[in-house]
Amino acid sequence: MWAASCLASCCAACACEACRTAVGSIGRRSARIAYCGLFALSLFASWALREVAAPLLQSIPWINHFHKTPDREWFETDAVLRVSLGNFLFFTILAVIMAGIKDQKDPRDKIHHGGWMAKIFCWAVIVFLMFFVPNGVVSFYESISKFGSGLFLLVQVVLLLDFVHGWNENWVAKDEQFWYMALLVVSVVCYIATFSFSGLLFHWFTPSGHDCGLNLFFIVFTLILVFAFAIIALHPKINGSLLPASVIGLYCTYLCYSGLSSEPRDYECNGLHNHSKAVSTGSLTLGLATTILSVVYSAVRAGSSATVLSPPDSPRGTDKPLLPFSKADEQEDKKDVPRPVTYSYSFFHLIFSLASMYSAMLLTGWSTSIGESGKLVDVGWPSVWVRIATQWATAGLFIWSLVAPILFPDREF
């Protein structure tokens with residue numbers, strides 16, 4: 001017993017030292033990666049508590065103060081929302097603290113890039129304290145999270161549009177036959193993928209013998225959007241390119257699939273999943289991993305992108321990598337010269353705040369506990385309509401990005 005105790009103590013000491021070393025090695029260039037890691041940790045914590053914390057929450061009197069105890073799914077949703085609320089407050093506080101930073105000589109710059117042991121401790125304390133707040137506060141956060149999630153989805157759409165237009169402009173600016181051919185090849189591949197994918201959607205989500213008018217409408221309307229993008233982009237007054245139209249068309253088709261696949265598993269028109277009621281741990285892991293990648297990419301990209309997302313008075317993003325490729329890059333930061341920050345710290349943390357709301361909605365099926373939806377990631381009718389609304393918003397913003405310079409030639413877009 002004594003030997004086991006000593007071994008456990010040694011292991012704990014080694015783990016603490018390893019953690020301290022890892023945290024101490026986080027530099028200026030790797031800070032954003034560290035924030036992403038902390039956010040991913042919060043998602044895994046939410047997922048784990050959703051699976052195991054229900055019995056514990058049922059025994060806490062200030063949470064389970066009902067005359068009739070709710071079902072297990074209510075407590076699973078409550079656990080996710082409380083972790084998400086703590087995450088939201090942590091990043092919102094950082095966003096407020098970092099407001100107005102212009103150069104790296106600002107003392108708050110060190111808070112953003114350093115003090116990781118203290119920040120991790122504060123994050124853990126805030127999340128822990130959220131399990132002591134009244135249910136009414138959590139219910140209010142659940143309500144506003146739906147709106148925050150919508151804002152985050154709009155951020156994703158704007159980022160995609162910025163990326164696609166930038167991609168097209170970059171290849172066209174090279175003004176070489178090879179790059180024009182590359183534009184054509186990529187566009188053709190995207191259209192082939194779009195129409196092939198659409199055929200699968202008809203096969204999976206409009207099974208014969210069932211009245212699946214809603215699914216049919218979603219798929220046909222998506223194809224109409226794909227053709228509309230190409231027609232508008234190639235209009236003589238627009239003088240656009242097929243590349244953005246093809247990529248956005250493929251993305252809208254994916255959103256249609258994502259929405260239809262989120263339909264309840266017992267829905268007769270969901271031919272992709274209606275024969276598999278049980279969802280394996282592997283499927284849940286894949287769904288959560290996809291969520292993490294999407295959220296982390298959007299947060300990092302939005303925090304450093306020089307797009308309309310950046311506030312007018314904020315620093316503009318650069319093309320520098322998240323991690324340095326040479327020691328010279330790290331040495332640049334050691335010069336005793338006030339250098340402007342390369343992205344808006346406050347906006348970066350604000351995106352993580354919105355991402356916290358979005359991830360909570362995904363893990364709780366947009367806070368619906370109907371049937372089996374509480375056991376899945378992003379399943380249920382609210383998820384379906386959120387995806388379809390995102391598709392329509394993407395289409396509207398893309399068409400606006402094409403016609404706005406024609407309608408308002410004197411304004412810069």
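Including glycine, each Cβ sits where the backbone N, Cα and C put it.
Remember, predicted model here, so these are calculated numbers, not experimental data.
If you check TrEMBL, you get these features:
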SIGNAL    1-18  signal peptide
TRANSMEM  79-99  transmembrane segment
TRANSMEM  120-141  transmembrane segment
TRANSMEM  147-166  transmembrane segment
TRANSMEM  178-202  transmembrane segment
TRANSMEM  214-234  transmembrane segment
TRANSMEM  241-260  transmembrane segment
TRANSMEM  280-300  transmembrane segment
REGION    305-335  region 'Disordered'
TRANSMEM  343-364  transmembrane segment
TRANSMEM  384-408  transmembrane segment
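Counted over residue pairs separated by six or more positions, the transmembrane segment (241-260) shares at least 3 Cβ pairs under 8 angstroms with the transmembrane segment (178-202), which defines the two as touching. Among the stretches 79-99, 147-166, 178-202, 343-364, the one making the largest number of Cβ pairs under 8 Å with the transmembrane segment (384-408) is 147-166. When each of 79-99, 178-202, 343-364 is checked for Cβ pairs under 8 Å to the transmembrane segment (147-166), 343-364 comes out on top.
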